[in-house]
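Working notes for the structure below.
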Amino acid sequence: MRYKITIEYNGSNFIGWQKQKHSSNSIQEILENAILKFSQQHTTVYVAGRTDAGVHALGQVAHFDLTTNLDTYVVRNAINYHLIPHAIAILSVEKTDDKFHARFSAKKRHYLYKIINRYSPLTIDYNRAWLIHNPLNIENMIQAIEYIKGNHDFSSFRARHCQSKNPIKTIDDLKIIHNNQSINIHISAISFLHHQVRIIVGTLVECGKNNFSPEHIKNILKAKNRSYAGMTAPPYGLYFVKVDY
């Protein structure tokens, strides 16, 4: 039986989603151990988006297989019990057919990046948003996103060690919602290059600091060189929001 799960987690204290040889503090390994404890079955959990260390999730989706057919609420409650005290929660469980794959069946992935633009330090949002002290030019940032949306070669917007063979991606939606000190950047695509969202955010912030003009985004894309874009924004402001199937 295949189970589809929706997961929420605070990524602050984890090394990221993916299991690592020399650490037991990945979200994947902790989740697989929780499933083992209640089901007595070893299983692999496949995820829609492998988040990096420090990145959070509001609606991450994954799947795993068990030989037993259990009520979904039993699976949810049992996993959550064995996840204590980790900052990981199973929000929902669905039964699905074997054709469903959390990663390969995904049609669109949605991310949110949170910025707090103020001089005072963060308390409630500490490790959950990027604090930028100097006032940002929001209008410049909004103008810049128009050059990022759509289908482009995003070689300038990916990590130097990115293993993807094809740097061409389509950004379906990119918008900024600004409310007083809060700047929320929403971005959606079928898939992303490694660090692509965080580099886009870092580049938009350079526009907000008036270091880049909005039109300079065209030069960055044309260069196809990571050094032309802005910094990689910190992981703790990034949230995996949801997946469309």
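Every residue gets a Cβ built from N, Cα and C, even glycine.
Keep in mind it's a predicted model, so treat the numbers as computed, not measured.
The DSSP secondary structure for ASP52 (active site, nucleophile) is strand. Residues near ASP52 (active site, nucleophile) in space but far in sequence (CB under 8 A, at least 6 apart, same chain), listed by position: GLY11, GLY16, TRP17, HIS195, PRO235. The annotation active site, nucleophile is assigned in Swiss-Prot to ASP52 on the grounds of sequence analysis.
Non-local contacts of TYR111 (substrate binding site) by the CB criterion (under 8 A, 6+ apart in sequence, same chain) comprise HIS186, ILE187, SER188, PHE192, VAL197, LEU238, TYR239, PHE240, VAL241. For TYR111, the entry in Swiss-Prot reads substrate binding site, with the evidence type sequence analysis.
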